[in-house]
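Enquirer: Relevant sequence annotations retrieved from TrEMBL are reproduced here:
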DOMAIN    1-470  domain 'Major facilitator superfamily (MFS) profile'
TRANSMEM  5-23  transmembrane segment
TRANSMEM  35-54  transmembrane segment
TRANSMEM  66-83  transmembrane segment
TRANSMEM  95-115  transmembrane segment
TRANSMEM  127-149  transmembrane segment
TRANSMEM  169-191  transmembrane segment
TRANSMEM  226-246  transmembrane segment
TRANSMEM  266-287  transmembrane segment
TRANSMEM  299-318  transmembrane segment
TRANSMEM  382-404  transmembrane segment
TRANSMEM  416-440  transmembrane segment
TRANSMEM  446-466  transmembrane segment
């Protein structure tokens, strides 16, 4: 189940860095706004599928929805490799392919339900933390695999018999399909149904009846704090929203700011996120040790502060303007407004635009008007922000998941984990759409400023409910609360 969660996350993030340049290659009519919808379509599919597969797993052996959902993801990845074939509307075929991959990823609700039902009360927190860690590592390491495939190049090789192009854009999804096939084999060969009560005693039934009886039995021990549950869901939404924004914007941002080509942006960002993946491993190890001394709430608070600092650093601060992309400009001059002085006095100048007939023109597109007046984000700023966000995200992800599991207590957590899955999917839907629209029309200053505001609101919410985010057993006096 840990591998299933990891493979699902890799399937989402392995193409994040290459969707934009691939979209530009297969459909010239697509813009950055449509990129947001393509990335969000994965989470839309997952949000729709999660309740369906979760209900299926309540009444039937969990292996059935796991195999079916993974098979859908494999087929959808194969469809993605052929989106270049149609003569028109290629961007919509890509949208459908990513939505179907997300539909298959709805099996994370089955995984979370299984982990909750197959562990005793003492085992559950550790198991939930491990599940969250596998998901977070998958999100971060996916771009590393993408980086390796950039060595194939944009042309790659073509298998003419089946019209299959294997290049830096299609190889990652073929690799994702291979992981899905391996996952199916493991489900048949290794997976076993398993359900225990809070004391670790086996249930005779692994389906809905056992879960329902378990919940009824727990009601007599007290009810969960719904305010804490809702707050934990909101915080989880914010955390995944922020990281979805960051993954979505990385490639367009670096292409605009540093005049990187499509191949350079995919390769270099993959290397950077690979380093973040290594950083996250150390973060997970450190969190396990630190949580014993400070508690999960304090670490969650600190992680959000680190993310806030990262996005604050990412704001444009300098005076240098980005290079302008000259492609598709019919008029050979454009007026640029230059602001100077403390009272923002300005003057205008005419810029002569050189003609460029190359197939790929680097720089900040002139159609994005903010390119004419927004300062460049220096590479040092970008790398520093990546390091901080890459540290804060895995810490917050694991701590929010662990806190949520403890708040729910010993009762079966399938329904509540479904809520959390829906919140995470919603965040990954809204995040890419939000940032692609805002970034295209207003630039990085507005986009990252609003992200900073969202993180500040999350910190205020955490401060308000801080004392309520305690374990179920602590709330009802069964255990002494750990200092945090």
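Just so it is clear, glycine is given a Cβ too, placed from its N, Cα and C backbone atoms.
In TrEMBL, annotation is done automatically, which means it is predicted and not curated.
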Enquirer: Given the model, what does the mean pLDDT over the domain 'Major facilitator superfamily (MFS) profile' (1-470) come out as?
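Expert: Averaging the confidence scores along the domain 'Major facilitator superfamily (MFS) profile' (1-470) gives 78.
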Enquirer: At least three Cβ pairs under 8 Å linking the transmembrane segment (127-149) and the transmembrane segment (382-404), pairs spaced 6 or more in sequence?
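Expert: Counting Cβ pairs under 8 Å (6 or more apart in sequence), the transmembrane segment (127-149) reaches the transmembrane segment (382-404), since there are 3 or more.
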Enquirer: I'd like to know if the transmembrane segment (95-115) touches the transmembrane segment (299-318) in this structure, counting it as a touch only when three or more C-beta pairs sit under 8 Å and are separated by 6 or more positions.
Expert: no
Enquirer: Can you work out whether the transmembrane segment (382-404) touches the transmembrane segment (226-246), with the criterion being 3+ CB pairs under 8 Å where the paired residues are 6 or more apart along the chain?
Expert: yes
Enquirer: Determine which recorded stretch among 5-23, 169-191, 226-246, 416-440, 446-466 has the most C-beta pairs below 8 angstroms with the transmembrane segment (35-54).
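Expert: Of the candidates 5-23, 169-191, 226-246, 416-440, 446-466, 416-440 scores highest.
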Enquirer: Below 8 angstroms Cβ to Cβ, which residues of this chain, lying six or more residues outside the transmembrane segment (226-246), approach it?
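Expert: Sequence-remote neighbours of the transmembrane segment (226-246) are 39, 43, 139, 300, 304, 307, 311, 389, 393, 396-397, 400-401, 403-404, 407-408, 416, 419-420, 423-424, 426-428, 430-432, 434-435, 447, 451, 454-455, 457-458, 461-462, 465, 468-470.
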Enquirer: Would you mind listing the long-range same-chain contacts of the transmembrane segment (416-440), meaning Cβ under 8 Å and 6+ residues beyond its ends?
Expert: 12, 31-33, 35-37, 39-40, 42-44, 46-47, 50-51, 54, 102, 106, 108-109, 112-113, 116, 229, 232-234, 236-245, 248-249, 252-253, 368, 401, 404, 408, 446-447, 450
Enquirer: For the transmembrane segment (169-191), which partner among 5-23, 95-115, 446-466 gives the most CB pairs under 8 Å?
Expert: 5-23
Enquirer: Who are the chain neighbours of the transmembrane segment (446-466) in space, where the CB to CB distance is under 8 Å and they lie at least 6 residues beyond its ends?
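Expert: For the transmembrane segment (446-466), the sequence-distant neighbours (Cβ-Cβ under 8 Å, at least 6 residues beyond its ends) are 227-228, 231, 234-235, 238-239, 241-242, 245, 249, 297, 300-301, 304-305, 307-308, 311-312, 314-315, 435, 438-439.
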